[in-house]
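Have a look at the structure below before the remarks.
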């Protein structure tokens with residue numbers, strides 16, 4: 001009996017048990033993806049126009065995507081290695097935020113001003129970042145050699161949680177969206193409290209040793225060949241000033257061929273080092289958040305995510321109104337929201353697995369996959385803009401898959417470029433790009449154009465009917481996604497050699 005009990009206890013404390021518990025928590029954490037289900041009730045009960053509703057949706061996006069506080073908490077000494085602290089903080093926010101929203105919608109408390117409702121939404125959605133950060137960081141540190149796949153699983157089930165929650169709602173509370181808001185307050189909270197003791201970190205800093213060795217080897221190979229060229233150039237020059245000029249040129253050439261060199265100077269400026277220059281870690285080493293923000297790689301990734309995640313969020317936030325303007329029924333729009341979660345899951349899991357596969361087999365850099373998905377996303381936005389029969393179904397499939405892909409690829413790239421020590425803080429900081437892009441595209445573009453079109457109608461309401469309500473908005477978002485593709489290709493060009501000579505070599509050492 002003691003042996004059996006010990007075996008059961010060992011399984012419960014294993015990294016596989018942590019993975020399973022994290023997955024279950026993720027399955028219930030995606031309340032922010034269900035906004036399209038209860039947004040009509042929120043709009044009618046509070047008397048909002050579309051711009052005000054989009055403002056509430058913007059604060060949902062801010063809460064669900066700005067996870068800097070959860071990253072700082074999990075990196076702090078007080079919580080380092082104890083993810084239950086992060087889970088507990090998220091549970092409290094989830095319960096309080098959604099409960100206050102439910103009390104407002106049902107009239108149990110006086111109707112709050114829009115600013116206060118935005119605060120409720122911010123608090124409820126912000127809980128998602130605490131659940132997500134704790135689960136993703138523990139998964140990456142437990143399975144460092146398969147980070148793309150495990151991030152895809154964690155992010156995938158988070159995206160799929162919207163469909164899971166909607167199915168529970170349609171089974172138990174169909175036709176009563178206010179009860180759905182109450183369910184969002186209770187289910188994630190109590191499930192997390194039940195499972196958070198099993199989510200623990202069993203592997204820490206192991207990957208750093210291997211990747212550090214690969215960086216040293218790649219750097220040594222690059223420096224040896226460059227120094228040989230420098231010696232040959234000096235042998236062929238007679239004058240000392242000519243030798244000095246050639247040595248500087250050779251050093252600059254060496255820096256260009258070093259896969260880790262562009263991060264030694266802020267934005268890889270390429271000038272000679274002086275006492276005032278900012279010295280940064282090499283790619284793959286452990287960056288602090290301030291060091292990461294001093295590199296061009298960080299801001300290129302941020303800008304690409306603002307284009308991709310921002311336009312994706314603008315689509316899902318307005319999918320009910322898009323369906324209404326095109327004549328879809330409430331059941332059809334709820335189905336679209338549920339299907340969006342499925343496409344979101346496929347994009348998150350599929351891109352994580354596929355990027356891992358091609359990185360292991362071919363050494364392909366992950367930023368290439370961001371560029372490909374952004375290009376396909378622009379096609380999806382263009383399809384929705386046509387307003388043709390079935391275009392919303394086809395376009396939402398393309399946009400949903402590609403939007404989900406960004407959430408799997410971005411954390412993987414962040415962990416590879418900036419290390420694992422402050423991974424939670426850095427990837428949550430880059431995730432700020434999502435509400436940043438969503439605010440511009442959803443509130444300032446989609447909401448403004450929708451209200452402008454509806455103001456010309458004779459119905460006297462805030463509703464707009466016809467494909468013209470969103471056509472211009474989605475053409476703008478298609479252009480934005482194409483711009484993001486160009487930015488991602490620039491990041492791919494900057495990091496291609498690093499992935500080939502460092503990350504790919506590290507993965508091959510795991511196989512050997």
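Cβ from N, Cα, C; glycine included.
Note that TrEMBL annotation is computational and uncurated.
Annotated features, as they stand in TrEMBL:
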- 15-204: domain 'Nodulin-like' (DOMAIN)
- 84-102: transmembrane segment (TRANSMEM)
- 114-137: transmembrane segment (TRANSMEM)
- 149-168: transmembrane segment (TRANSMEM)
- 180-199: transmembrane segment (TRANSMEM)
- 292-499: domain 'NFD4 C-terminal' (DOMAIN)
- 298-316: transmembrane segment (TRANSMEM)
- 328-346: transmembrane segment (TRANSMEM)
- 367-384: transmembrane segment (TRANSMEM)
- 390-409: transmembrane segment (TRANSMEM)
- 430-450: transmembrane segment (TRANSMEM)
- 470-492: transmembrane segment (TRANSMEM)
May I ask for the residues of the chain that lie six or more residues beyond the transmembrane segment (180-199) and have a Cβ under 8 Å from a Cβ within it?
12, 17-18, 20-22, 24-25, 28-29, 31, 34, 37-38, 83-84, 87-88, 90-91, 94-95, 97-99, 101-102, 105, 124, 127, 131, 134-135, 138, 165, 168-169, 172-173
Chain residues outside the transmembrane segment (430-450) and at least six past its termini with a C-beta under 8 angstroms from it:
50-51, 53-55, 57-58, 61-62, 64-68, 129, 298, 301-303, 305-311, 313-314, 317-318, 321, 410, 414, 464, 469-470, 472-473, 476-477, 480
Which residues of the chain, 6 or more past the ends of the transmembrane segment (390-409), have a CB below 8 A from one of its CBs?
148, 151-152, 155-156, 158-159, 305, 308-309, 311-313, 315-316, 319, 322-323, 326, 328, 336, 339-340, 342-352, 355, 366-367, 369-370, 373-374, 376-377, 379-384, 474
Non-local residues, at least 6 beyond the ends, that sit with Cβ under 8 Å of the transmembrane segment (470-492):
297, 300-301, 303-304, 306-308, 310-311, 314-315, 318, 322, 325, 365, 367-368, 370-371, 374-375, 377-379, 381-382, 384-387, 395, 437, 441, 445-446, 449-450
May I ask for the residues of the chain that lie six or more residues beyond the transmembrane segment (84-102) and have a Cβ under 8 Å from a Cβ within it?
25, 31, 42, 70, 73-74, 78, 108-109, 117, 120-131, 133-134, 178, 181-182, 184-186, 188-189, 192-193, 196-197, 199
